[in-house]
Number of protein chains: 2
Amino acid sequence: MEFWFTEKQTDKFGITAKVKRTLHTEKTDYQQLDVVETEEFGNMLLLDGMVMTTERDEFVYHEMVTHVPLFTHPEPKSVLVVGGGDGGAIREVLKHPSVEKATLVEIDGKVIEYSKKYLPTIAGALDDERVEVKVGDGFMHIAESENEYDVIMVDSTEPVGPAVKLFEKGFYEGIYKALKEDGIFVAQTDNPWFQSELVKNVYSDVKEIFQVTSLYTCNIPTYPSGLWTFTIGSKKHDPLNVPEERFHHIETKYYTKELHTAAFALPKFVTDLIK
Amino acid sequence: MEFWFTEKQTDKFGITAKVKRTLHTEKTDYQQLDVVETEEFGNMLLLDGMVMTTERDEFVYHEMVTHVPLFTHPEPKSVLVVGGGDGGAIREVLKHPSVEKATLVEIDGKVIEYSKKYLPTIAGALDDERVEVKVGDGFMHIAESENEYDVIMVDSTEPVGPAVKLFEKGFYEGIYKALKEDGIFVAQTDNPWFQSELVKNVYSDVKEIFQVTSLYTCNIPTYPSGLWTFTIGSKKHDPLNVPEERFHHIETKYYTKELHTAAFALPKFVTDLIK
């Protein structure tokens, strides 16, 4: 007998993956959490039935959410990740030697617990001494922070369940306040094929708050449409104007300094969306 | 009752789409041909169970296979499309006013017939007076051509069934001969996530024959992994060194002159693959 997991990415389209076995399934205080072992993508974390990360393709998301803002900042010392309980973004943040402290604020402690257990190559970095892990509400953490971070990364789920507040303009205003005077913010902002309104609205909100706003993309096979967007809001530094010498060497599988720039060249229908 | 079509893109992973109805199904002399009406992507053409094109996302493939080589050539007059019976590549070729003649050589006349019937926005250009449509073997057509084309585009299926010969080195040698002295060739070369050997082998073969070889990508939601590659072989003109004034305006939904260049910035694991 074969078992196949299917995620309906829209009401009318989805992906399906052959599953060896279910490693964990639980209704946490915040969401449905499942970890399955797939044949094509290795262990896969799902929240509310949506693929969050897989062992095989996680490097794309985690490298691209991290290295674009961190190489844009001249010397990121204090970095905050909101969400991101799987630890992948933190792992990438720690590749930057200037980073003195990386704080993770994840609302659902179970995500951290089961990522450590079943996704150790992703979550292992959470035990690093430069990392502080807080189980709590990222929205509240931002509201209470002021002039504190060089880079803030919002590594959230889709805007359903606990993440709804993380797509509101008031949250981005809080992030502006929580950043230092030359701080940079990045958020994952879904895909332009099925969630064009979301991409458009976040971009418009961020643009009203930050001095520099831009959108970049990457390819993630297990995410809807395979084309993922990130929105950057920056007080000063322009991700498209990074001095050559700032690109120190780090080990990556997706990110390169050439791709750093190329990722901002958008398909015309995406440019039209955020005009 | 709901109907869902599923394509297993590998033995272990696939996509699934809600289907309103089947418009046509037939075993032709060459392959299984199906046209279905999907809710998310409109009418969809399938050959041997694999998605070839859909009304909603076809523009990405057709613009990117066409405009990158055609803008690289200073004055493409004579263009050949091998395969591509849906007509989408031809439609894009005709956007270039220098083109005097566009020849399509498609082995399966049924693909042309049912594309005209069910994908008229894609196949309509096949009736243009600058177009010659030949139902025949592209491999043989290439073998019989010499110093004839400015640009040759191989718009084939995967290397199964009738397209196997179109992925052989001897075919690329024939293309070299069929091109004029400053001709350019492009082929769709699948995706680097599930077909890394194919990407690598084609690149290596083309590089042994052509003076300039390069690989570029685009995002196609209904194709495996969402990341598609094209391999260019050029006798003289470099797609990464196109004079600014050559980019005349054309109507597109994906291609832009910025993306023309950015599409060659590859994820590191893809660069490593073709080293």
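Backbone N, Cα and C define each Cβ position, glycine as well.
A TrEMBL annotation is a machine prediction, not a hand-curated record.
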_Same S-methyl-5'-thioadenosine site per TrEMBL - residue from B:Glu2, B:Glu63, B:Glu106 joining B:Gln31, B:Asp137, B:Gly138, B:Pro162_ = B:Glu106
*Taking B:His24, B:His62, B:His67, B:His237 as the options, which does TrEMBL list with B:Asp86, B:Asp155, B:Ser156, B:Thr157, B:Glu158 at the spermidine site?*
B:His62
*Taking the Cβ of B:Thr157 (spermidine binding site) as the reference point, list residues of the same chain whose Cβ is under 8 angstroms away and which are at least six residues distant in sequence.*
B:Gln31, B:Leu47, B:Asp48, B:Met50, B:Met52, B:Gly83, B:Ala163
_In three-state DSSP terms, the structure that B:Pro162 (S-methyl-5'-thioadenosine binding site) belongs to_ = helix
*Including all protein chains displayed, how many Cβ atoms other than that of B:Glu106 (S-methyl-5'-thioadenosine binding site) lie within 10 Å of its Cβ?*
25
*Do any residues at least six apart in sequence from B:Asp155 (spermidine binding site), in the same chain, have a Cβ closer than 8 Å to its Cβ, and if so which, in order?*
B:Val65, B:Val81, B:Val82, B:Gly83, B:Gly84, B:Ala89, B:Gln188
*Segment-level pLDDT (mean, integer) for the domain 'PABS' (B:2-235)*: 97
*Would you find the one among the binding-site residues B:Asp86, B:Asp137, B:Glu158 whose Cβ has the most company, meaning other Cβ atoms within 10 Å?*
B:Asp86
